[in-house]
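Engineer: Below: one structure in structure tokens.
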Amino acid sequence: MASTFSKLLTGRNASLLFATLGTGALTTGYLLNKQNVCAAAREQHKLFPPSADYPDLRKHNNCMAECLTPAIYAKLRNKVTPSGYTLDQCIQTGVDNPGHPFIKTVGMVAGDEESYEVFADLFDPVIKLRHNGYDPRVMKHPTDLDASKITQGQFDERYVLSSRVRTGRSIRGLSLPPACSRAELREVENVAITALEGLKGDLAGRYYKLSEMTEQDQQRLIDDHFLFDKPVSPLLTCAGMARDWPDARGIWHNYDKTFLIWINEEDHTRVISMEKGGNMKRVFERFCRGLKEVERLIQERGWEFMWNERLGYILTCPSNLGTGLRAGVHVRIPKLSKDPRFSKILENLRLQKRGTGGVDTAAVADVYDISNIDRIGRSEVELVQIVIDGVNYLVDCEKKLERGQDIKVPPPLPQFGKK
């Protein structure tokens with residue numbers, strides 16, 4: 001159980017706490033010296049004008065590169081969050097990775113909850129660009145985890161092979177993974193697994209530390225889509241999220257392997273409900289029930305998730321703000337996937353396609369991973385219903401093409417639930 005002292009120790013005022021409690025000049029001196037070194041580095045940084053430090057983004061194709069201007073950079077360059085995170089650290093992954101051939105990446109991350117406020121002049125336009133016009137300066141994000149509102153949640157299993165819903169949650173008071181110290185990573189792991197031990201019934205399970213798994217066990221879990229990949233993605237490595245791997249990383253799952261929690265990958269936690277077949281309503285019901293129970297258990301231990309009414313749940317990448325939810329299916333659509341209207345149909349249904357194994361993978365045997373594009377501005381119930389209605393439309397199109405009938409491109413969905 002995390003004590004108040006433990007939370008303060010990993011918070012923003014550790015050096016002041018040590019000095020006040022008199023726990024020793026050595027510890028206090030180390031922390032203060034670290035702060036002094038960082039402050040000295042920032043002062044050295046200021047010797048150069050912002051124009052001399054501005055990144056070359058002329059060949060970049062990501063949201064950060066599109067929104068960052070010399071004026072915004074000059075305004076934000078020397079600002080730091082309470083944990084010492086800077087604008088240059090936020091954007092480095094987008095500077096190092098110009099873009100993606102199929103998916104427009106965000107190009108920046110947050111190092112802590114405060115990053116979204118301190119660097120709002122850049123984060124806000126990036127969020128608006130990435131999230132279909134959602135403006136965090138004037139809009140509020142809705143939350144709804146009432147799975148009973150879902151309709152027509154059973155897919156035709158001749159086409160839909162598996163169903164999955166995931167989200168992320170961050171623990172308030174600790175840095176996000178790009179800025180996490182080893183101590184903070186271990187505290188995240190401790191907070192999470194201590195809470196998860198309280199899950200009962202069909203949610204009960206156990207935790208597996210990555211550092212204690214064999215290579216064969218890890219790869220088997222990855223191949224079965226239970227475990228996150230090894231941190232080889234440049235988007236993760238350039239953001240600093242692969243540091244100290246596999247320290248304090250792991251996976252918790254129930255005994256049926258239908259409810260899983262990843263620890264300390266891109267986010268503090270990723271909560272996942274999944275199963276074979278096409279019963280998305282059941283998957284979402286378990287997701288909502290499990291997520292509510294995890295939050296209750298964490299709150300019982302004196303912690304809470306990062307959340308505010310503008311951005312919803314706070315996560316590392318701006319692409320996952322709001323619900324953090326991705327509801328997806330593996331669906332076999334050999335005829336529709338070859339139709340020239342396929343991409344437009346997906347766009348109008350607010351869906352996206354990935355290969356069978358996710359981003360940057362091919363579709364094996366005409367099986368695609370289809371999921372919602374949006375994360376913020378719509379509730380969890382709305383997003384899952386969009387996926388259900390959209391996938392049913394795709395399956396209906398596939399059946400028509402099998403019969404030699406024509407299909408239509410549906411009208412675009414209204415923005416943010418507008419009628």
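From the backbone N, Cα and C atoms, a Cβ is placed for every residue, glycine too.
Pulled these features from Swiss-Prot for this protein:
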type: BINDING; residues: 162-166, His225, Arg270, Arg326, 354-359, Asp369; note: ATP binding site
type: DOMAIN; residues: 46-132; note: domain 'Phosphagen kinase N-terminal'
type: DOMAIN; residues: 159-401; note: domain 'Phosphagen kinase C-terminal'
type: MOD_RES; residues: Tyr255; note: phosphotyrosine
type: MOD_RES; residues: Thr356; note: phosphothreonine
type: REGION; residues: 40-64; note: region 'Cardiolipin-binding'
type: TRANSIT; residues: 1-39; note: transit peptide
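Neighbours and distances for these, please.
Structural biologist: Take the CB of Arg164 (ATP binding site) and look out to 10 A: across all protein chains shown you find 22 other CB atoms.
On the 0 to 100 pLDDT scale, the domain 'Phosphagen kinase N-terminal' (46-132) averages 95 in this prediction.
Annotation note: Tyr255 (phosphotyrosine) sits in a coil segment as assigned by DSSP.
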Engineer: Where Arg166 (ATP binding site) and Tyr255 (phosphotyrosine) are concerned, what is their Cα separation in Å, rounded?
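Structural biologist: A Cα-Cα distance of 18 Å.
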Engineer: Which one, from the binding-site residues Arg270, Arg354, has the smallest tally of other C-beta atoms lying within 10 Å of its C-beta?
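Structural biologist: Taking Arg270, Arg354 as the binding-site residues, the minimal 10 Å Cβ count falls on Arg354.
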Engineer: Please report how many Å separate the Cα atom of Asp369 (ATP binding site) from that of Tyr255 (phosphotyrosine), as a whole number.
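Structural biologist: Their Cα atoms are separated by 25 Å.
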Engineer: In whole Å, note down how far the CA of Arg164 (ATP binding site) lies from the CA of Tyr255 (phosphotyrosine).
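Structural biologist: On Cα coordinates alone, these residues lie 17 Å apart.
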Engineer: In sequence order, which same-chain residues at least six apart have a C-beta under 8 angstroms from Ser162 (ATP binding site)?
Structural biologist: Met274, Glu275, Lys276, Gly277, Val329, His330
